[in-house]
Amino acid sequence: MKFGPETIIHGDCIEQMNALPEKSVDLIFADPPYNLQLGGDLLRPDNSKVDAVDDHWDQFESFAAYDKFTREWLKAARRVLKDDGAIWVIGSYHNIFRVGVAVQDLGFWILNDIVWRKSNPMPNFKGTRFANAHETLIWASKSQNAKRYTFNYDALKMANDEVQMRSDWTIPLCTGEERIKGADGQKAHPTQKPEALLYRVILSTTKPGDVILDPFFGVGTTGAAAKRLGRKFIGIEREAEYLEHAKARIAKVVPIAPEDLDVMGSKRAEPRVPFGTIVEAGLLSPGDTLYCSKGTHVAKVRPDGSITVGDLSGSIHKIGALVQSAPACNGWTYWHFKTDAGLAPIDVLRAQVRAGMN
């Protein structure tokens, strides 16, 4: 079954997922009910009521009922997920640990838990607990053996000023103009997620054209971010009022032009080029000299692609590590060769070989 760029479905998430083709979606983002178990109104110090989550869809008669619901929707989600796909589930301390058990019991393989640190959290008005300033996201592949899930590591590193992206993300709550309001001026959905959060999830774990399923679509944050980033989406929501807000919101989204969607490619996906190939191609010759960037270590190239420094011999990586007394070394960036413009890393030569493979 081929999906159009936007598919919005009104109905029960379990029933509607069971009606979708098996193994048809690349990514699932789920923001299920939190089962907050509120015993009454939450009040501020001035006795005004906190606009908390007290909607009927968040109410379950027991933990057992919530667990049953969780396993049913996760089973339906797993059926429609491609073997190389992945799932994200977000929750608070009220539900995420119960959801995590179900995720593992049903055969998913947890890759990371992400802490969404809210830079502007709601305070604990009673002063009886720590201010709840984060939520947890579980990112999991379909199974332990699934190794080809999408992870745009280098794109995330570039987005983070060339520093490896960590598992704690500081993103503010959804406020201001981004917050969807009803006709009465009140927020249309109590747990609307910031689009920046979904932008990062989608950018990191999908490719343009992928199909993203959100079984708890709400007011369409996943759909808005997916449309903006050139991904297809399926949104399922049982509350008709939320869907009307979602449709109006998504209609206003202007997609990024397809030619502007390219991100940093993963070096792990590039063809492997042994250093010996550089010698075979004549880009370096046996007897040529390699230098570290500081000029403190000098190596000689041998015909088989190994190098020598004094009595030491081995690969560019092994010798680079030994001369630095380091546990490991990336020889491609450590060793340099002479050019008319000065020293250049031998990784430049590897790039030349790879360019010829395309």
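Cβ atoms here come from the backbone N, Cα and C positions, even for glycine.
What you see is a predicted model, and the numbers here were worked out from it, not measured in a lab.
If you check Swiss-Prot, you get these features:
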type     : residues                                      : note
REGION   : 1-260                                         : region 'Methyltransferase'
DNA_BIND : 31-34                                         : DNA-binding region
DNA_BIND : 39-45                                         : DNA-binding region
BINDING  : HIS94, GLN164, ARG179, LYS267, ARG272, ARG350 : dsDNA binding site
DNA_BIND : 122-132                                       : DNA-binding region
DNA_BIND : 153-157                                       : DNA-binding region
DNA_BIND : 187-193                                       : DNA-binding region
DOMAIN   : 259-355                                       : domain 'RAMA'
REGION   : 261-270                                       : region 'Linker'
REGION   : 272-358                                       : region 'Non-specific DNA-binding'
For this session: Count the other Cβ atoms sitting within 10 Å of the Cβ of ARG179 (dsDNA binding site), across every protein chain shown.
Result: 15
For this session: Among the binding-site residues HIS94, ARG272, ARG350, point out the residue whose Cβ has the most other Cβ atoms within 10 Å, with all shown protein chains included in the count.
Result: ARG350
Exercise. So how many other Cβ atoms are close to GLN164 (dsDNA binding site), meaning within 10 Å of its Cβ?
Worked result: 8
Exercise. Could you give the mean pLDDT over the region 'Non-specific DNA-binding' (272-358), rounded to a whole number?
Worked result: 93
Exercise. Mind checking how the domain 'RAMA' (259-355) divides into helix, strand and coil residues in DSSP?
Worked result: 33 helix, 23 strand, 41 coil
